[in-house]
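Asks: Taken from Swiss-Prot, the feature active site covers Cys397, and the record attributes it to sequence analysis. Annotation source Swiss-Prot lists compositional bias 'Basic residues' at 638-652. Residues annotated as compositional bias 'Low complexity' in Swiss-Prot: 756-767. Swiss-Prot lists Lys237 with the feature N6-(pyridoxal phosphate)lysine. Feature annotation from Swiss-Prot assigns region 'Disordered' to 633-710, 756-795, 897-921.
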Amino acid sequence: MGSLNIQHNGYDADVEKIREEEYPMLKDSIYLDHAGTTPYPKSLMDRFAQEMTTNLFGNPHSASASSQLSTQRIQDIRLRALQFFNADPADFDLVFVANATAGIKLVVEAMRCLPTGFDYVYHQSSHTSLVGVREEARSSVCLDTRQVEDWLSGSCPFDDNEDEERPILFAYPAQSNMDGRRFPLSWSSQICRQSLSPTNKRKTYTLLDAAALVSSSPLDLSNAETAPDFVVLSFYKIFGFPDLGALIVRKEVQDVFLSRRYFGGGTVDMVVCLKEQWHAPKDGFLHERLEDGTLPIHSIIALDVAMDVHAKLFGSMERVAGHTGFLARRLYQGLKGLRHANDELVCAIYSPDPETEESGPLVAFNIRNAQGIWISLAEVEKLATLKGIHIRTGGVCNPGGIASALGLEPWEMKQNFSSGFRCGTDNDTMGGKPTGIIRVSLGAMSTIADVDRFVQFVKEFYCEDTPPILPPPETKLDPSLRNTPELFIKSIVVYPIKSCAGFHVPPGIDWEVRPEGLVWDREWCLVHRGSGQALSQKRYPRMALLRPNLDFTKGELQVTFAGDISSSPGLPSSISVPLSKNPKMYAPKKSGMSSRVCGEEITPQTYASAQINDFFSTVLGVPCVLARFPPGGQGKGMTRHAKAHLQRHQHQQPHPAVSVSTRLTKPAMMPGAFPSPKAVETPPSPPDSDTERSATPTQEAQGPKPRRILLSNESPILAITSTSVDALNQSIALLNPSVSQPISEAVFRANLVLSPSPSTPSASPSNPLTPSPSPSTTSKPTPKPKQKPKQKLNPYEEDTWSSLTIFNSSSFSSSSSSCSTPSSSGFQTTTKFQMLGSCRRCHMVCIDQTTGSKTAGGEPFVTLSKTRRFEGKVFFGVHMGLQAEDEEDGHAEDIEKEGTGMGMGTGTGTGTGTRSMGGNGSVVKVRVGDVVRPSYL
């Protein structure tokens, strides 16, 4: 073993030397997704560019000198590619295709045209592209390894009454792209012998998916008698470039393709169209009949260069296989050795042990915390991305392998689908089981440092090296000690355009709240012209530099770009759109495009103005259009609903001033409320709010309606506390001292920032474009309620809130109320909000909202992942929405009912109004400085 380590350390040292020069794109990155594709070296691209600039390559279907040069080079490269796999051109032909999947489709296209069709057998570890073949077969069956061995021993996977003339196609991977498990190449020879047996009347063909195997190991086709009939592979998995694949066909079975019906340009000698329909396929080499249209000339030329450079840099494929195998063993043992403080394994590994079973250089696994709860795949990938680690997570296009490894029965997979699971979504744990895996795969240019750094990454963020803290014993506290903290609204921020900068509501201004959220919040979005996807800062961080201003005097949304536009002379630095819903501003509905927000399809109103759309496209450098999703929409694509819900960790963290028994027995509901007099609308509100549409009798009978939202991700309103932000910054200073600047509250993009200290709003707004409030709303300070000694607000205490009550001191008027003006005792309205659950975070919090660039050290997400991860997900802040009238929780005792204008009863008494969503004639408003009182779960 010592000499083996020395040998591989020598290879590793060689790779380290060339990586800086040959793979500059790998600087500061740990690339561990070679099973997807491998990086290409710089010298390959340089030499290919030289080939293209010094030679003239023409269409090989012509007779010119340039065309003949192309034909000659293609013939030479085809032979060289066969020799790369030790395939004798006398026994094999190679057909150039786009990728392995295209090769599979070519085989299936021929098999389905056979007079009897074909039956299909495939291994459960097959790639999705092999699984899809079953849809073209007369019948199909999926077998695991034991069942394949039984079949090869004589048992037939099909009924005896099947057509004896119908051939069977057996497909399997040489190496699983999911867990790296390798399957015997001898299966092909066994199938061949069985097919030739006198007792077997059915011809069986073999299709080998070698794409995963050849990426790091040699494939030997020197024995044509035992080789598979068809082999498919992708060259980019070996060399990184070009994007090209191959179908290698054993010439003995090439007659299968005689039944293929389709023909393309260059594959026929004669075609008759008029009066008769007849054609004569080329009768020379098989590839001449199968390579439809013009070949990808330049990609084939690049393949020649790629084989040269690969051999120069890494030597033989046997040498690559030895190195990657060594790294795979190191990776497997490193992950296997990680344990929590309670001795539970950190990683559940699905790949075979490379020390005892032949497997490829990849490891498939999932991560559990010390309590055995699965860590979210999406959270792992988010954190890996921040650390410059490139891995693959999810189903990895291997449904059978995933189902087998994770113990997912068909009914469970169908149930997951019905519950909303889709490929590429964040629903990675359903029904207590993961829906995918983490895949780490190695390649020729991988190093020991790559492996060690990844193992250290898992250890640092997911290995719990201290025993879990046991919950405190149950104790019942004296009711007099159950005080709630008094909080204040420190700031109110609306984000008119989804994922762009926020508009800070000036002090002294009342801001309307509707069931769908703060008025004007996330009513617009930018939509990619091609994909229809709503743009997000996660992909386009420069969106943070688009600064909105709501100018109610002019009735405009003004957007200024705070970045550099010097490269676009003549481009204005700002643009304006009217707040009114002027139909002339929008593109005709027939050309309106649908969009997707958080996986949901919506039908926004897109703006027709080229000036508006060009402004956003230019400053962001992405083709996009401005679209609006106003409240009040009806029908498919016009409504969205909140998805936030209480998380399990919120039920497990009692408020410090509430006993465990009290917390568990108190229902998480709010007391009822009645409508307050309608407020003066300052600032103006958009029309057609959801509050203006009453529920139908059918809806009322079905119970509370789901909460409607506009373009926010999960809920109407997002809130954070300054106390939690301060605590997080203290944690960052402790865990990541290299970060010199504290994290701003702005990175969390909250609508409400709550603070235990009252703000000191100025007498008038600092924004001259915002209307000045009336004297009655600015001169009268918010009255402070009489209360018992204040309870200190602890960091992250918001996780334990069931509801919030906000005391607003605005002036209200209503013809139906005697309380048309504030009373001398200090008229206040109380607005109730229900807490909808903790906010799950992604690495978008790592974008500096001032500069549009990434924050230092991947903060705050890196520290959040260490201090705020529950059940594998990272949380910070809380979702909330207006309390519905039917959501009563009996928490009135937590809010004092003394004669202070802040009573939480029925609203009777001195100058008290209690409001919730949907009240007729009421308008809910909040302002900076309002008093906030929480109730607890």
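Every residue, even glycine, has its Cβ placed from backbone N, Cα and C.
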Asks: Quick one: Cα separation, Lys237 (N6-(pyridoxal phosphate)lysine) versus the residue listed as 'active site', in Å?
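Replies: Computed Cα spacing between Lys237 (N6-(pyridoxal phosphate)lysine) and the residue listed as 'active site' is 16 Å.
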Asks: Let me make sure I understand the structure: which of the recorded positions listed (Lys237, Cys397) has the fewest other Cβ atoms within 10 A of its Cβ?
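Replies: Result for the recorded positions Lys237, Cys397: minimum number of other Cβ atoms within 10 Å at Cys397.
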Asks: Through the lens of DSSP with three states only, how would you label Lys237 (N6-(pyridoxal phosphate)lysine)?
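Replies: Going by the DSSP assignment, Lys237 (N6-(pyridoxal phosphate)lysine) falls within a helical segment, counted as helix.
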Asks: According to DSSP, which kind of secondary structure is Cys397 (active site) found in, if we only use helix, strand and coil?
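Replies: Where Cys397 (active site) sits, the three-state DSSP reduction gives coil.
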